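The structure appears right after this line, and notes come after that.
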Amino acid sequence: MTNIRKTHPLMKIINNSFIDLPAPSNISAWWNFGSLLVICLILQILTGLFLAMHYTSDTITAFSSVTHICRDVNYGWIIRYLHANGASMFFICLYMHVGRGLYYGSYTFTETWNIGIILLFTVMATAFMGYVLPWGQMSFWGATVITNLLSAIPYIGTDLVQWIWGGFSVDKATLTRFFAFHFILPFVVLALAAVHLLFLHETGSNNPTGIVSDSDKIPLHPYYTIKDILGALLLILVLMLLVLFSPDLLGDPDNYIPANPLSTPPHIKPEWYFLFAYAILRSIPNKLGGVLALVLSILILAITPLLHTSKQRGMMFRPISQCLFWLLVADLLTLTWIGGQPVEHPYIIIGQLASVLYFMILLVLIPIASIIENNILKW
């Protein structure tokens, strides 16, 4: 008799996706981040669900309800900090996942890559709206500043901002709708992740060499499931160290001050995982130009398949491109640092140079380096 997992309509889908899936025999730990992202998403949905049971999306009680969760609800503090730091872990895994895709040329799977970009935007939107919910100073002013950017859109900008706010400023209507969207979007992310996986399984996984590995596949289970469990344990270890020892390390102290529309914090800044994009936004003096640069800093990923000039897929055997890739990583870390600094000399010029370099590396330097490498190898 054939095994039920290979015949049952539902079990068959699970089997073909997570058990008997043919995987390349040489994929490294950089291929662990997909499963880690699923773990992060499930953790965020579960902790978020329990937080939503006690949270009230009203400007008067929102801040107190978060305090109530931490002080009075059984294990509320750990649920709250797991959710807040879980978001940080989510973005660390996301950026490493995208970085892996750029390094090893996984963007040549265009459908999978484009769904991934949509996923990135959706997760960023979800995280932004979640940051508004505790209704601290940084929540309120972050929401005001970031939503206000839409007013840079010609003709409809101002009306659009007021439509999103549900009034003439960030207020109760804004908080309520942000809570509604913050609750529903993770399920949209879950659905998109399933589509992402569907497209990936049409082509099969890439591998570090970038060479077609159809002749040398191994089943996902037990080889890569056990490897994923190791990654998951490390993820949980780092998360628990953060939550139990320094839960506010990555947060902003200003968010422990209740939102006050009459008092502006000295430095308005988003969560650390948006600082690189925020630095790019601030480096352009023009409002519309800044907003365009902000959107393009992520959307630029969509044109990477068109900019691929190398005869090889990944960067494993391309030393010049490797140097540029790590320069890009260093540049992004610089932008993250600049995004958290006040707008004054020398931070302004450093931010502008780092922003120009970011676009230069992706649009100009890597494609040119790839052509040089092709010529060196006489391809």
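Using the three backbone atoms N, Cα and C, a Cβ is placed for every residue, glycine included.
For 33-53 (among others), the entry in Swiss-Prot reads transmembrane segment.
Taken from Swiss-Prot, the feature transmembrane segment covers 77-98 (among others), and the record attributes it to similarity to another entry.
Residues or ranges marked as heme b b562 binding site in Swiss-Prot (evidence: similarity to another entry): H83, H182. H182 (heme b b562 binding site): 21 other CB atoms within 10 A of its CB, across all protein chains.
In the three-state DSSP classification, H196 (heme b b566 binding site) falls within a helix. Shown in sequence order, T112, I115, G116, L119 are the residues of the chain, 6+ apart in sequence, with a C-beta less than 8 angstroms from the C-beta of H196 (heme b b566 binding site). The feature heme b b566 binding site is assigned by Swiss-Prot to H97, H196, with similarity to another entry given as support.
For 113-133 (among others), the entry in Swiss-Prot reads transmembrane segment.
Under the heading transmembrane segment, Swiss-Prot lists 178-198 (among others), citing similarity to another entry as support.
What Swiss-Prot lists as ubiquinone binding site is H201. A C-beta separation below 8 Å, combined with a sequence spacing of at least six in one chain, links H201 (ubiquinone binding site) to N16, S17, L21.
The transmembrane segment annotation in Swiss-Prot covers 226-246 (among others), and the record cites similarity to another entry as its basis.
Under the heading transmembrane segment, Swiss-Prot lists 288-308 (among others). Away from its own ends, the transmembrane segment (288-308) comes close to residues 98, 102, 105, 107-108, 110, 113-114, 117, 120-121, 124, 149-150, 152-154, 276-278, 280-282, 355, 358-359, 362-363, 366-367, 370 of its chain (Cβ-Cβ under 8 Å, at least six residues beyond either end).
Residues or ranges marked as transmembrane segment in Swiss-Prot: 320-340 (among others).
The transmembrane segment annotation in Swiss-Prot covers 347-367 (among others) and is backed by similarity to another entry.
By number of Cβ pairs under 8 Å, the transmembrane segment (178-198) is matched best by 113-133 from the list 33-53, 113-133, 226-246, 320-340, 347-367. Using a 10 Å radius centred on the Cβ of H83 (heme b b562 binding site) and all shown protein chains, the other Cβ atoms total 21.
Listed in sequence order, F33, G34, L37 are the same-chain residues six or more apart from H97 (heme b b566 binding site) with CB atoms under 8 A from its CB.
Outside the transmembrane segment (320-340), and at least 6 residues removed from its termini, the chain residues within Cβ reach (under 8 Å) are 99, 102-103, 267, 269-270, 272, 274-280, 282, 310, 347, 350-351, 354-355, 357-358, 361-362, 365-366, 369-370, 372-373. Per-stretch counts of Cβ pairs under 8 Å to the transmembrane segment (77-98) identify 226-246 as the leading one among 113-133, 226-246, 347-367.
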